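Q: Pasting in a structure now, in structure tokens, and then I'll have a few things to ask.
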Amino acid sequence: MSLYTLTNAVSVFATITTIGQFLSGIPSCRKIVRNGTTGELSGLPFVAALFSCAMWTHYGVLKGDTPLTVVNVIGLLLQVVYIIVFWKYSASKNHINQQTASSLGAVLLIIIATRMLTENKEEAVLYQGLICCVATCFFCAAPLATLAHVLRTRNTETLPFIWILMTFLVCSEWLLYGYLIQDVFVQFPNFVGMLLSGIQLSLFLFFPSRDYSNKGIIGTSSLP
């Protein structure tokens, strides 16, 4: 198998898996529509994922990388739908408006900065890649916020097993893709994501959950 064929195959599998993870917002939206309210759910994950997808889309466009661009455009559109649903049923529309406006404002500012303040395309790709790395590492580490609770209670019921497993698979595939195309900005955050999600998965071996109701897909992804 040639390198070109292998790279294309990996990009297709990675794209399909990532879109599957992007669809993880559907259960939350169905719950919101069914209950007629957002309840205790936060719209921040959708807004944050919107920012991340926009950043990776811009990076893909700058590099001329079709797989990165396509998968994140799809993710971007899905996040817009999720935010609209959340906004419709939210009791605090001003709050979600402010979050969304801030995210879109940051996206616009970064795009303008990388386009106008950099001297060449290579420099623009460098700065955009660094921003994408930070965003991806942040989202992959998000479930670690409950690590102290897991260790204290010796119970993993607060960890979203399927979402973490999907993160591990997605990061592994994009890490391989990044290696094949020799792109450190794709390699590094996905290596970190794979490592962090692997650590989280190992917790399920040591601390089995007593409540399987939380093992559904409850989050969104910002992976490339």
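Yeah, the Cβs are placed from backbone N, Cα and C, and that goes for glycine too.
Feature list, courtesy of TrEMBL:
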type	residues	note
TRANSMEM	6-29	transmembrane segment
TRANSMEM	41-62	transmembrane segment
TRANSMEM	68-89	transmembrane segment
TRANSMEM	101-118	transmembrane segment
TRANSMEM	124-147	transmembrane segment
TRANSMEM	159-180	transmembrane segment
TRANSMEM	186-207	transmembrane segment
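Buried or exposed, and what's around them? Tell me for each listed feature.
A: If you look at the transmembrane segment (68-89), the same-chain residues 6 or more away from its ends with a CB under 8 A from one of its CBs are 14-15, 18-19, 22-23, 25, 28-29, 32-33, 35-38, 41, 43, 46-47, 49-50, 53-54, 56-57, 59-61, 96-97, 100, 186, 220-222, 224.
Proximity of distant same-chain residues to the transmembrane segment (101-118), defined by a Cβ-Cβ separation under 8 Å and at least 6 residues beyond the stretch ends, is recorded for 47-48, 50-51, 54-55, 58, 62, 124, 127-128, 131.
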